[in-house]
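The structure appears below as structure tokens.
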Amino acid sequence: MSAVIVNTVEQCGYFNRGQCQSCRHIQVPMAQQLMAKSLELQQLLKPFVAPSAAIFYPPVTGEATAFRNKAKMVVLGAAHAPVLGIVSPSGEAVSLCDCLLYPSDMQKLLHRLTQFVQQAGIPPYRVDKAKGELKFILLTRSQVRGEYLLRFVLRSHNSIERIERALPTLLAEYPQINVVSVNIQPIHMAILEGDEEIFLTENTRLEERFNDVPLFIRPKSFFQTNPQVAAQLYQTAREWVAEFAPKSLWDLFCGVGGFGLHCATKDIALTGIEIEAEAISCAQISANLMGLEKVQFMALDSTDFAQGKNAADKPDLIIVNPPRRGIGEALCQSLSEFAPRAILYSSCNPKTLAKDLEHIQGYHLTKVQLFDLFPHTDHFEVLAMLVKD
């Protein structure tokens, strides 16, 4: 079983046996991975860069292992022999508790959670039979204190009492588990979470800190999975934005406020927009702790918000940090019409970044930097500064 695997970045047992292919480039040296990603980025953005322009900054990377702060474990097997991990390409249940992307303390806790499921007698959900209860275990780690947010995704309320009975022993053994919740996902589909969240602890949010900015994680709020590189991403955004000395700032798709809060000062009027209400509540708590009074966070669709404004409302600078689909043609048009002095675009999908750049009129790229938040994969984050012509 995976519990006795000794993994190194050169020799991942899961990858070598074909059990997990998530880190498809794990046997490629990090320098080569970065070179390939950099070349891909430069090729994608080539149509938007003048031939003599030196706008690409050196890529930023972090550790090759033990960097990930979130585990999404499918619960497989049976109540007496649960497995936390994935279904391999060959169809077998594979425990990923020893995945080398996780810090060692997180690996140990994942093993303990496997025991917890067994001791509590919670039957894993069987997709093939549409029976069972426990679908996923989601574990998020805060690097600032080593604390955890633990979520059990269940088909129904039937096993909540079993979790509650076994929980005191677990929390006594692991007091660093700060938040525990149950999410109810009754649909027989590959959906990670449902609408209903039930907290089993008094605490409902996990505290994190990047640079000097306090940030908070709630069960449904998006948060970067590579804290070391994410901190550098936010710090770079802060430095780039400060060069414009803006008096007003919009942070669209703001999540828990990471970008806007890093760039804000007591003199900047910041408006943060995010569709997820939980994330907005976290962002507001952070702003209050930082003593920022000229800040407004609202749970709205970013495109709808922008389309409801007119040119007189425009800020000096707009930050966008969209999901993989990008910001879309409608928001591109709104940004072009507002014509702020600059637009800072943080993208987790350079293909949609390039597509959006085709529709943002009247701007040119001045800085582009790659942040390797997802080593061993094809994915990476890009920070791009667009300045008005």
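Any Cβ shown, glycine's included, is placed from N, Cα and C.
Database features (Swiss-Prot):
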- Cys348: active site, nucleophile (ACT_SITE)
- Cys12, Cys20, Cys23, Cys99: [4Fe-4S] cluster binding site (BINDING)
- Gln224, Phe253, Glu274, Asn321: S-adenosyl-L-methionine binding site (BINDING)
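Across the residues the record lists as binding S-adenosyl-L-methionine (Gln224, Phe253, Glu274, Asn321), the two Cα atoms farthest apart are 15 Å from each other. For the pair Phe253 (S-adenosyl-L-methionine binding site) and Cys99 ([4Fe-4S] cluster binding site), the Cα-Cα distance reads 31 Å.
A Cα-Cα distance of 17 Å separates Glu274 (S-adenosyl-L-methionine binding site) from the residue listed as 'active site, nucleophile'. In this structure, the CA atom of Gln224 (S-adenosyl-L-methionine binding site) is 11 Å away from the CA atom of Cys348 (active site, nucleophile). Here the Cα atom of Cys12 ([4Fe-4S] cluster binding site) is found 26 Å from that of the residue listed as 'active site, nucleophile'. Taking the centre of the Cβ atoms of Gln224, Phe253, Glu274, Asn321 as the S-adenosyl-L-methionine site, the nearby residues of that chain (Cβ within 8 Å, site residues left out) are Phe222, Asp251, Cys254, Gly255, Val256, Gly258, Phe259, Ala279, Pro322, Ser346. Taking CA atoms as the reference points, Cys20 ([4Fe-4S] cluster binding site) and Asn321 (S-adenosyl-L-methionine binding site) are 30 Å apart. In space, Cys348 is the closest of the recorded positions Cys23, Cys99, Cys348 to Asn321 (S-adenosyl-L-methionine binding site), judged by Cα positions. The Cβ of Asn321 (S-adenosyl-L-methionine binding site) has 25 other Cβ atoms within 10 Å, all protein chains considered. A count of other CB atoms within 10 A of each Cβ picks out Cys12 as the most crowded of the binding-site residues Cys12, Cys23.
All protein chains shown were included, and the count of other CB atoms within 10 Å of the CB of Cys20 ([4Fe-4S] cluster binding site) stands at 21.
There are 25 other Cβ atoms within 10 Å of the Cβ belonging to Cys99 ([4Fe-4S] cluster binding site). Taking only the Cα positions, the spacing between the residue listed as 'active site, nucleophile' and Cys23 ([4Fe-4S] cluster binding site) is 17 angstrom. According to its DSSP assignment, Glu274 (S-adenosyl-L-methionine binding site) is in a strand.
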